[in-house]
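K.L.:
I'd like to ask you about the structure that follows.
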Amino acid sequence: MAVATATDSSSPMQTLADFGKSKSLRTLLRVLILCFIAGAAVSSRLFSVIRFESIIHEFDPWFNFRATKYLIANGFYDFWDWFDDRTWHPLGRVTGGTLYPGLMVTSETFASCWPPAFSGLTAFAAYLLTNEMTTNTSAGLLAAAFMGITPGYISRSVAGSYDNEAIAIFLLVFTFYLWIRALKLGSVLWGALCALFYGYMVASWGGYAFITCLVPLHAFVLICMGRYSTRLYVSYTTWYALGTLASMQIPFVGFLPVRTSEHMPALGIFGFLQLVAFIYYIRSSLSGAQFKAFLFVGLGAVFGLALLALVAMTSAGYIAPWSGRFYSLWDTGYAKIHIPIIASVSEHQPTAWPAFFFDLNLLIWLFPAGVYLCFQDLKDEHVFVVVYALFGSYFAGVMVRLMLTLTPIVCVAAAMAASQLLSTFLSVKSPVAKDPEQEDATDVSSKKIKQNAGSLRSTNSPYVGVYSFMSKGLVSGIMTIYLLLFVLHCTWVTSNAYSSPSVVLASRMPDGSQHIIDDYREAYQWLRQNTKEDAKIMSWWDYGYQIGGMADRPTLVDNNTWNNTHIATVGKAMSSSEEVSYPIMRQHEVDYVLVVFGGLLGYSGDDINKFLWMVRIAEGIWPDEVSERKFFTPRGEYRVDGEATETMKNSLMYKMSYYNYHTLFPPGQAQDRVRGVRLPDTGPVLNTLDEAFTSENWIIRIYKVKDLDNVGRDHAAAASFDRGHKKKKAIKKRGPRTLRVD
Amino acid sequence: MTSLFTFLFLLFAAVAQAISSSGSRLLVVLEDVAEKTQYSKFLGDLEGRGFQVSYETPKSESLSLFHLGERSYDHILFFPTKAKGLGPNLTANLLIKFINADGNILLALSAQKQAPTAVIAALSELDIHLPSERTGLVVDHFNYDVTSAAEKHDVLLLPTPGALRPGVKDFFSPATPNGELLAVPQAIGQVLGNGELLTPVLRAPSTAYSYNPKEEAEALGDDLFAAGKQLSLVTTVQARNSARLTVLGSADMLSDQWFDAKVQKVGGKAAVATVNREFAKRVTGWTFNEIGVLRVNWIEHHLNEEGQGNQSNPKIYRIKNDVTYSISMSEYEWDHWAAFKVPASDDLQLEFSMLSPFHRLSLKPTVSSEESTTYSTNFKLPDQHGIFNFKINHKRPFFNNIEEKNTVSVRHFAHDEWPRSYAISGAWPWIAGIGATVTGWSFFVAIWLFSKPTGKGESKKTR
């Protein structure tokens, strides 16, 4: 299959570039190279297994794993109607209707879904896409190689990262390939194929909206450039009609394609295309002057009416306005103020500049060159690259996470630039001026050089300038070194930065050997073995999926952040005093509370460092009861030591984190190694919770929620009585008596 | 062998049931074991009801409430002692621990002997307060016994208490009251906090007050401990685990002397017999779980819809399902389980709740037998999916707490449980639209295929 397609798509250039060499040999070589690329792509994703062990990484994969287990155990229809009563206690989650089932169904169908395997397919898809863009044979192979090992994509598809993105990026690239193919051929068949894979993409990842917006945008730009064609009409309408129907089959998407603003561009362009087609038809049967008048009046009226209808329906509530997540794409400060829950995720932060270089290395500077090359020969598909490049870059700059959608186009464009460079400079033959055969053999750039011949002196005599062995050797040598450095960089980044499972931490012992810190799994195992099957665990939502997956216990909130109020409730319980938190925990039937504390080990991703987000999210719902300001000292510092504010010291989170912590140290020496501060000698007092478990390095601390006091006292009084203190005289000598009312 | 064992077990269970619903080991703590002769009738009654009574003094070395972490006794009865403390075996913490371990305590106090500090500390944890300096005597100048306390007015004569309020079963009055009086000699009054676990059984009349006979013999000080209805003479506490504690303000009430005494109220026409013996039986019966004990025999809920499996106690329902919930309950009456009848003007309620109740329904008795009553109700589940509880939270004075929670998940409609599109009349225009489009397109295709182009058709085809 792979062989056939490869031959197919590259056949046009075969005829151009084939000089005496056997076609079958080239095909064989190409297949071999692609196989090697796939091999390299897969093996570079196995660092995590070698470094740690075969374990599921991060957070979301734990849910995917659980969902897949459910699917395999109960079959597809039960999965489709799955009501999950072990998360979001006591609300439950209509999981079957609120997930993207693509990954689970894929892995059920193929017995196992192994994300690295999909990276091989992604590389192949990048190869196909690039071949649509250029006639240069090597560009596709380079793109495949880039796609295979670039860290920007590896970050989400290492072994153990059982996540939607693993298959979604393959589908993204492949859908774009099919779209370009359909557009080029104006074929209903390819358009339908494109819609099919678009449907698969919708089933797999929420990022499908990227396709939903990019394809119409491409079509719109083409129309604006005066490039309307029946090919465009056929491919777009086929894709839109079938793709939308396909996407509506996913319960989570449902009627969103006709009801939300994110999907409106696709619908709008669909209508616009009908108009344009109609106008083209009218133009063919009307005279020029009549047509002009018709165009202005008719088009203006229709456009105005459509816009009015959109505004009216949006304000009437039929069409949902842009969601907060989308606003945060335009205004990076928006989320922090209005939707802290989105801003609190590290993946949703704006990208730092070094991250581009870190994830893409040399591709990031080859990328603009590739985009520039597209302008050289601006066909419809090159417009796509330009549009994609512009949008992808913008979004990648706004959100770290969207680096993933930028990566494919960077690989394609960079491969075009690199192959252009290499094929220009690796060619031993020098062109003979005015030789038509040579002109064919060499590439676009040589034409360019000739076109620019008058401008630069050095290019006037090509034999001394560009075509000398010296310059060829130098440029190709440097390029080779760059490519080798790129491979080194990718390998290093993959093995060091993107292969840690985050459930297991690694540290170095003084003698250089690796020490594994396994507190998370220790704690989850404890929960699994020591608590009731239906013991409800309250923790911050980051750990919800892991508790569900590893400890198999119901949680209050998890990484599927569908209910902001419920998360805010947990935030309120964590950030309020015990007296306020206890009734909340009772109401939600919480049995255990789990906190992550890094103070002993210096693990900075702990709950005290995330605490302000909990406060902010809770404040969003209960501004009267929780106030972020109260967690800062009058001088505006966020402190946890003796100078911490009373609100901070009384908050449940603070108490749970530092409970009994001072006993580990000699008096006066208690230290928090994350915040780097010395703690007071007397630790916090907990009345409503009992410490149940603390992991080896104190990273995870689990507390049991006490029952109501058996004889009706409040917990503080009961605890003080248990410690042997006598109750103070309850009846006051002065003041009015409190009388019993029956 | 197994059957023999089962038989023996059942036999033992039957024997154990014959007295109290929660065990028969009763510890009586006295100043001196010889004192028990004063209470021979009272203690004899208890033994007659099947209690295995052990007598200990607070100082006894062998006295231990717990053995290897288990309770050594089911119930404790304290008579007044002289010592200020009760020793290391009966500290306040141990008493609270005993209650937390489902043990029952009857505490008989007396105005003549100071209450021990351990008892005072334990009571103050329960929000029951005794007069300061541990002494206080309740007197009433309008309700005293003229024969025995003509001078001191410290033998109160009270009618039997009656129901606490409408809807609360009266456990402490004789079945047929005919004007007998309760003699409460030398009582120490208690002041109760506002906790819902406390219930006064016998309150002092509005004309009574408490004073300190040592310091205030001549004139009352400024600081009156309490007066009137705020003084409780007999107080009951039922902890959340249904362990019971009764504070009896007057230990003398239980003595032989007052069991058969004839008393005459001030202004009363003739001397009448006291009802102390009956009252003592009922107070001990309640404290030691012989009456006012409810038992849930079984709970069942099922789907109440035609064509469904209607299996018992499913784990999951769907929104808007019709559901039947039933609960069978019995009440323990001295030596046997009887059908539980909810007192008039009270209700047994079922809550169907997630975070807060979505339904709160009264259960109606459906089946009644000798031993049990079945209460049930039908209702439609709310249009809200989630993890719900069928919750019975029946907490009434003098009945033990019934808190039953059955968790079920309520799921959303499955994809194939919605009505079909043709069943919805509003969808007919759309269905007609689809039909029109399909037929129209078929016609178009048919015409396109079968109409032979004329004239220039040939060239079009090649194009």
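Cβ atoms here come from the backbone N, Cα and C positions, even for glycine.
TrEMBL does not curate its annotations; it predicts them automatically.
Pulled from TrEMBL, these are the listed features:
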- A:724-742: compositional bias 'Basic residues' (COMPBIAS)
- A:29-413: domain 'Oligosaccharyl transferase STT3 N-terminal' (DOMAIN)
- A:536-586: domain 'STT3/PglB/AglB core' (DOMAIN)
- A:437-456: region 'Disordered' (REGION)
- A:719-742: region 'Disordered' (REGION)
- A:28-47: transmembrane segment (TRANSMEM)
- A:135-154: transmembrane segment (TRANSMEM)
- A:166-199: transmembrane segment (TRANSMEM)
- A:205-225: transmembrane segment (TRANSMEM)
- A:237-258: transmembrane segment (TRANSMEM)
- A:264-282: transmembrane segment (TRANSMEM)
- A:294-320: transmembrane segment (TRANSMEM)
- A:355-375: transmembrane segment (TRANSMEM)
- A:382-400: transmembrane segment (TRANSMEM)
- A:474-494: transmembrane segment (TRANSMEM)
K.L.:
Do any residues of this chain, six or more beyond the ends of the transmembrane segment (A:294-320), have a C-beta under 8 angstroms from a C-beta of it, and if so which?
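P.N.:
The answer is 259-261, 264, 268, 271, 275, 279, 282, 286.
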K.L.:
Given a Cβ distance threshold of under 8 angstroms, which distant residues of the chain, six or more beyond its ends, lie next to the transmembrane segment (A:205-225)?
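P.N.:
Distant Cβ neighbours of the transmembrane segment (A:205-225) are 100, 102, 164-165, 167-168, 171-172, 175-176, 179, 198, 232, 236, 239-240, 247, 257, 262-263, 265-266, 268-270, 272-273, 276, 380, 383-384, 387-388, 391, 395, 404-405.
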K.L.:
What is the number of residues in the domain 'STT3/PglB/AglB core' (A:536-586) that are helix, strand and coil, as DSSP sees it?
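P.N.:
So the counts come to 32 helix, 4 strand, 15 coil.
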K.L.:
Do we see three or more Cβ pairs under 8 Å linking the transmembrane segment (A:28-47) and the transmembrane segment (A:355-375), pairs being at least 6 apart in sequence?
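P.N.:
Contact between the transmembrane segment (A:28-47) and the transmembrane segment (A:355-375): absent.
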K.L.:
Determine which residues of the chain contact the transmembrane segment (A:474-494) at the Cβ level, with the cut-off under 8 Å and only residues 6 or more beyond its ends counted.
P.N.:
44-45, 47, 149-151, 154, 158, 358-359, 361-363, 418, 421-422, 425-426
K.L.:
State the non-local partners of the transmembrane segment (A:355-375) in its own chain: residues 6+ outside its ends, Cβ under 8 Å from one of its Cβ atoms.
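P.N.:
Beyond its ends, the transmembrane segment (A:355-375) has Cβ neighbours at 133-134, 146, 150-152, 155, 382-383, 385-386, 389, 396, 400, 403, 407, 409-418, 420, 444, 482-483, 485-486, 489-490, 493, 497.
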K.L.:
State the non-local partners of the transmembrane segment (A:237-258) in its own chain: residues 6+ outside its ends, Cβ under 8 Å from one of its Cβ atoms.
P.N.:
80, 96-101, 179, 182, 188, 191-192, 194-196, 198-199, 202-203, 208, 212, 215-216, 266-267, 269-270, 273-274
K.L.:
Quickly jot the same-chain residues contacting the transmembrane segment (A:264-282) by Cβ under 8 Å, restricted to those at least six beyond its ends, or write none.
P.N.:
212-213, 215-217, 219-220, 223, 228, 232-233, 236-237, 240-241, 244, 257-258, 291, 294-295, 298-299, 302, 306, 310, 319
K.L.:
Can you tell me which parts of the same chain pack against the transmembrane segment (A:382-400), counting only residues 6+ beyond its ends and a CB-CB cutoff under 8 A?
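P.N.:
Same-chain contacts beyond the flanks: 133, 176, 179-180, 183, 210, 213-214, 217-218, 221-222, 225, 227, 328-329, 332, 346-351, 355-356, 367, 370-371, 374-375, 406, 409-410, 412-413.
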K.L.:
Tell me, what is the mean pLDDT of the domain 'STT3/PglB/AglB core' (A:536-586)?
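P.N.:
A mean pLDDT of 93 is what the model gives the domain 'STT3/PglB/AglB core' (A:536-586).
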